[in-house]
Amino acid sequence: MIQVLLVIICLAVFPYQGSSIILESGNVNDFELVYPKKVTVLPTGAMNSAHPCCDPVMCKPKRGEHCISGPCCRNCKFLSPGTICKKAWGDDMNDYCTGISSDCPRNPWKD
């Protein structure tokens, strides 16, 4: 019920920001912001806390910030391209940040 109310409030107050929607992700305090071609996971309680990267009123990262959380997000900014976000394990290779996402894309190549 809370999740539906938050979506309605966001869409009613910011009708031209309809490209972002809040989705429940299992726990009442865990939400995801969905942008075109991008999903950013909000940390637990971000919707009702003073998280430094999150603007809960606008339902997205604060102005000038790139991300809220993720393996390629530090201090509200994407990590530089080529930063290792997952070290090699077994016959797998390192995975690297792209510089344009907070996600850690899987390296499809093997040694």
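Here the Cβ of each residue, glycine as well, is placed from N, Cα and C on the backbone.
Looking at CYS59, CYS67, CYS73, CYS104, the record from Swiss-Prot puts CYS85 in a disulfide bond with CYS104. Between CYS72 and the candidates CYS53, CYS97, Swiss-Prot records the disulphide pairing with CYS97. Looking at CYS67, CYS76, the record from Swiss-Prot puts CYS73 in a disulfide bond with CYS67. Candidates considered were CYS53, CYS54; Swiss-Prot assigns the disulfide partner of CYS76 as CYS53. Using CYS104 (disulfide bond) as the reference Cα, a 10 A cut-off selects none from the disulfide-bonded residues CYS53, CYS67, CYS76. The Cβ of CYS85 (disulfide bond) has 18 other Cβ atoms within 10 Å, all protein chains considered. Within the same chain, the residues at least 6 positions away from CYS73 (disulfide bond) whose Cβ sits under 8 Å from its Cβ are CYS53, HIS66, CYS67, LEU79, SER102, listed in sequence order.
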